[in-house]
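Comments concern the structure below.
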Amino acid sequence: MWKSLVAAIAFLAVGGSAFAASATNKDAETRTLVVTEGGGKTELALAAGETAEFCPSGCFVTMPNGDLEALTGSETIEISGGVARIK
Amino acid sequence: MFFRLLRLVLILALFVLAPPSSDAMAQAIGQGAAALIAEQMKAIQDLTAKTDDLEKKIPQEAEEDAGLVDIRLQLEDISRAALTSALAFRSRLADINNRIEVLGAPPAEGQPQEPEIVTSERGALAAEKAEINAVIASAQNLSIRISGLIDKISTMRSELFRNVLTKRYVLSDALSPEVFSDAQDEYANFYKAVSSWLTFAFKFKFQAVLAATLMALSLAAVLFVGGRRLFGRVFEADPSVEDPSYLSRLSVAFWSTLLPTLAVGVFLVSTVFFFNYYNVLRGDIGVFLNALVAVIAVVFCVNRLTNAALEPRLPNWRLIPVETGPARWLVRLTTAMAVVIGINNFLSVVNDKMGSPLSLTIARSFVATIIVGVILILMGLLKPFKATDGRWRPWPAWLRYTAFALGLFTVAAALLGYIGLAIFVSLQVVVTGTILVTAYIGFLSARAISEEGGFANTSIGRWLSVNSSYEESALDQLGLVVSVAINVMIVLVFLPLILLMWGFQPGDIQAWGYKLATGLTIGSVTISLTGILSGIVVFIIGYFLTRWFQGWLDGSVMARGKVDTGVRNSIRLAVGYAGVALAALVGVSAAGIDLSNLALVAGALSLGIGFGLQNVVSNFVSGLILLAERPFKVGDWIVAGDISGTVKKISVRATEIETFQRQSVILPNSNLINNAVGNWTHRNKLGRIDIKVGVAYGSDVKQAHAALLEIARGHPLVLKNPEPFVLFTNFGPAALEFEIRVFLADVMNGNVVQNDIRFAVLDVFADQHIEIPSAPRAVVETKKHEAWPIDDDKIEVDFAEQEQAKAEAVAEAKRLAKSGRKIRKPDPD
C-alpha cells in the first residue's frame, strides 16, 4: 500500500511538468512567438526542432503568421510551415 | 483532432463536388462569426468599462487596505474574463486558417489566373481574421492594463502599511489637559446616546427587548446544557483523580474552553440578531453593540482558555506545569491584557462614530499600549517554577527576554509617539499569542495521540476497539494517522489566522490559495496541489474499489461457483494487479498529467530497465506466466532444485515456499520458469513410496516375498489400484534386496505409511524367522594418551610422592637383600 502510494507520488512528480503550455517548432528555421503575460511582452524564439514551455496561467500569444491567440496554459502549440496549430 | 480532420475532409469534399454552394456556406459561417465577434467585442467593452470604474475607485480607497484588496480581486476576475472571451475565437481562427490553407497561396505573376470566387473568399477570410485579431488585441491590452493596475495596488498597500507603522504623533499635543475635557464631552455624548436609546427601548420596545433577551438566553442555555449532557464526562476536571493522563487533561481544557465560549457566543450573536429582528436598535447603537459583543466574546474566550490551560484551582489538571500562585497571576494578567485591548477596540469604534478629535484617539491608544507593555514585562518577571531546593525559578531565558523585549518595545514606541506601531504590536501579542498557544496545545494533543496506546485510550479508540475488529497495533497506526491529520489541520487552520493577524487581507490568502490550487511555478515546472491531491484521492478510491471487487469476486462468485483454487488465486491476483494499474492510470489523468510526457520518460528509462532491472523484469514476466500457466497452486508440494516444500503464496515477483522444517523460502519466479519444478500434487495427490528391505542369504525368498506383499496389501491407506508391488531388486553384497512399492491416495501421508510398513515387516519376519542381515562392524579400540596435566603444583606433589615411593622401594630392597631372601620369578603359565 505505502509502496504504491510512494510510487504514485514519484510518478506525479515526474509528470508534474505538464502544466504549462508548450510550443514545438517543427520547421527548419527559427520561429518567434510574442508572449504577453502579466503586463509584459516577451519574444520566445524557437530554434529548429526546439520545444519550450511557457505561460503557466493564461497569456496571449502572437503567432508567426501574425495571428493573435489566447492560451489558458494547458495547450500544445505545433509550428510547421510557418503556421501554428493549437492542440 | 479527429473532428477537425473530419471537418477538413468535409469542406474539401464540398469544395470539389459543389463549387457553387460553397459561397452560400461561407456566407452562413461568416454571419455566425460576425455575431461571435460582435458578442465578444461587447463583452470586452463591458470589461473595459468595469476596469475604468475600478481604476477611478483606487484613489478613493487609498487609505483603506481592505478596499484595495477587494479592487485587486475584482481586477483579477476581469483579467480572467478577458482571457476567456479571447478564447472563444480559437475554433473559428483554426477554421479560417484551414480554409486559407485549402485555398492555397495566391498565384504568382506569370501563372494562370485563379477563379474570381477563390480570390474573393480569400479576401473575406483575411478580413474576418483581421477583425478577430483586433478583438483579441483589445482583450490583450485590457489584460496588460489590469496587471499594471494590480502592481500599482500592491505598491500602494505596502506604502499604506508602512505609513501606519511609521507615522509619528506629537504626544505633547495629545496629552494636554484638553484631552480630559474632550473625553468628558465625548462621554457625555455617548451617555446621552445610550440613555436615550435605553429610554426609547424601555418605553416603546420593552416587551421586544425582554423577548429577544429571553430567546437568546434560552438558546444559549440549550446549547450549554446539551453540551454538558453530551460531553459531561470529559468536560469537567475531576479533583479526585490523582494523575490524569495528558490526553484527558487536554480534552478537558479543550471542551471547557469551547463549550462555554460557544454558549456565550451564541447568546451574544442571537441577542444582536433578535434585537435587529424586533427593530430595537436605533442609529449607532447597533454598531456599538456589535463592538461590545466582539469585545466580550474575545475577553471571555481568552479567560476560559487561560483558566483551562493553567487550572489555578486544580494543580493535577494543569497543562503547563507552573506553580499555583503564578498560575493565578498569569490568568489575571492575561485577562487584564485582553480587557485593555478589548476596551481600546470598543472605544475606537465609539470614537469613529462620534467623530471625536484625533488627540483623544492618540491618548486612548497611548494608555492602552503602555498598559499592555507593562503587563508583558510583569509576565516576564513572574517566577512560575519551583526548583527542587524550593527556590523560585523564572521562565526559560528565551521566553523571558522575548516578553521583556516586546513589552519594552511597545512602551518605547508609545512614548516616542509611534502609536500605530505600538497598537499593532500589542494587538499582535494578544491575538497571535492566543492563537499560538492554542495551536501548541493542539500539537501536544497530536503528540499524545501518536504515543503508544494513546489513541486506544481516547473515547473514539475505545469505541473502535469494542465495535470493530481492529487489533491494538492497528489502532496504534490509526492513532499515528490521526495525529498527522491533526497536525496538518492545525497548520491549515492557524496559519491563515496568524497571517490574517499580521496585516494580510482575506483576499491575499484567497489569491494565494487560488495560486496554490491552480499551479505553483518553480522554474519551468508547475506544480498544482489540487491536481496532485485529487490524483492521489482518485488512486486511493480506485485501490479500495479494486480490493472490494477482488474480495467480492473471490469470496462470493468464485467460491460459490466451486472454481478450482489455483484458478481462483490466479484470477484474484490478475484482477488485483489490473485494478491497481487502472487506478494508477486514472489517478494520473485525474492529476492532469499528460501521459505523453511520461512516454518520453519511459522511453529514456527503458534502456536502464533493460540493463539494470533485467532480473526484476524477468521475474515479473515469469510471475505473469506462472499465473496464466499455473504449474502449481497455493498448497502444492513442489520440489525446485534443492528446495522442497509447500507453496504458500504466488506473487508477481517471487513465490513463497515453506519447507517441511517450516523455513520460508522466497524463490524468484524466473527460477521456477527456467528450471524444472517437480510437483507432487499437480493434478492429484496420488503418489508412490518405495521401502527397501534386505533379507539374509539362505532365507526362504518366496516366503519373504509373499509376506512383504501381504503387509503392503494389508495397509488401509495403500491403494488397491494401482496394485502394490514387491520388487526383488538385487543380490546385494550382504543381503537379498527387496523393494515394496505402494501407491497412496495422498502422498502427504507417506511418512506414516512408511513407518507402519517397516514396523509390520519387523514383526512378520520375527514371526516367520526370516532374518534381516546387518553388516557386522569391527570394534577397534584406540589407546588414548593421558592428557598433559596443567596444574604445576599437583605435578610437583606427584613428583615428590613418586620420588619418595622410589626411595622407600630402594630402602625396602636393601632391607630384603640384607635379610637374604631372594625375589622369586613369576610362575610360567
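Glycine is treated like the rest: Cβ placed from N, Cα and C.
Unlike curated entries, TrEMBL annotations are predicted automatically.
The compositional bias 'Basic residues' annotation in TrEMBL covers B:816-829.
Annotation comment: TrEMBL describes B:615-682 as domain 'Mechanosensitive ion channel MscS'.
The feature domain 'Mechanosensitive ion channel MscS C-terminal' is assigned by TrEMBL to B:690-772. Helix, strand and coil counts from DSSP across the domain 'Mechanosensitive ion channel MscS C-terminal' (B:690-772) read 35 helix, 23 strand, 25 coil.
Residues or ranges marked as signal peptide in TrEMBL: B:1-26.
As annotated by TrEMBL, transmembrane segment applies to B:208-231 (among others).
The transmembrane segment feature in TrEMBL is assigned to B:252-275 (among others).
Annotation comment: TrEMBL describes B:287-310 (among others) as transmembrane segment. Long-range Cβ contacts of the transmembrane segment (B:287-310) within its own chain (Cβ-Cβ under 8 Å, at least 6 residues beyond either end) map to 194, 252-254, 256-257, 260-261, 264-265, 268-269, 271-272, 275, 281, 318-320, 322, 327, 330-331, 334-335, 338-339, 342-343, 345-346, 349-350, 353, 430, 434, 437-438, 441.
Annotation comment: TrEMBL describes B:330-350 (among others) as transmembrane segment. With a cut-off of 8 Å between Cβ atoms, the residues of this chain six or more beyond the transmembrane segment (B:330-350) that come close are 186, 190, 287-288, 291-292, 294-296, 298-299, 302-303, 306-307, 310, 312, 322, 356, 361, 364-365, 368, 371-372, 375-376, 378-379, 382, 384, 423, 426-427, 429-430.
What TrEMBL records for B:362-382 (among others) is transmembrane segment.
Residues annotated as transmembrane segment in TrEMBL: B:403-424 (among others).
With a cut-off of 8 Å between Cβ atoms, the residues of this chain six or more beyond the transmembrane segment (B:430-449) that come close are 245-247, 250-251, 253-254, 301-302, 305, 309, 319, 337-338, 341, 372, 455, 458, 479, 482-484, 486-487, 490, 494, 497-498, 501-502. According to TrEMBL, the transmembrane segment annotation covers B:430-449 (among others).
Residues annotated as transmembrane segment in TrEMBL: B:478-502 (among others).
The transmembrane segment feature in TrEMBL is assigned to B:522-549 (among others).
Beyond its flanks by at least six residues, the transmembrane segment (B:570-593) meets 528, 531-532, 534-536, 538-539, 541-543, 545-547, 549-550, 553-554, 558, 563, 627-628, 630, 650-652 of its own chain at Cβ-Cβ distances under 8 Å. Positions annotated as transmembrane segment by TrEMBL: B:570-593 (among others).
As annotated by TrEMBL, transmembrane segment applies to B:599-627 (among others).
Below 8 angstroms of C-beta separation, residues 169, 171, 174-175, 179, 183, 326, 329-330, 333-334, 336-337, 340-341, 343-344, 347-348, 351, 394-395, 399-404, 406-411, 413-415, 419, 422-423, 425-426, 429-430 of the same chain, each at least six residues beyond the ends of the transmembrane segment (B:362-382), sit close to that stretch.
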